[in-house]
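Chemist: Before anything else, here's the structure in question.
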């Protein structure tokens, strides 16, 4: 097998990083689903009632807001460290 050139290796690393990000995002979504499901759904049925739908929506929104706040704060810390 031929060795990869620098450009090919960089592209491969970029693709691997993108796949890792997708996997991390998927894992995070499943984690949110599990936590919010356990918090909001008392007994599964054919349909979700409005209270359960609102609870699930609010739960996911809280996790997204928290994740964005933490990410933003971390970026600020990293940026200050690089100055």
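From the backbone N, Cα and C atoms, a Cβ is placed for every residue, glycine too.
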Chemist: Of the residue ranges 36-59, 60-83, which one carries the motif 'Twin CX3C motif' annotation in Swiss-Prot?
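Modeler: Per Swiss-Prot, the stretch marked motif 'Twin CX3C motif' is 36-59.
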Chemist: Would you kindly list the residues that approach the motif 'Twin CX3C motif' (36-59) from elsewhere in its chain, counting only those six or more residues past its ends and only Cβ-Cβ distances under 8 Å?
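Modeler: Beyond its ends, the motif 'Twin CX3C motif' (36-59) has no Cβ neighbours under 8 Å.
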Chemist: For the motif 'Twin CX3C motif' (36-59), jot down how many residues DSSP puts in helix, in strand and in coil.
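Modeler: Grouping H, G, I as helix and E, B as strand yields 15 helix, 0 strand, 9 coil.
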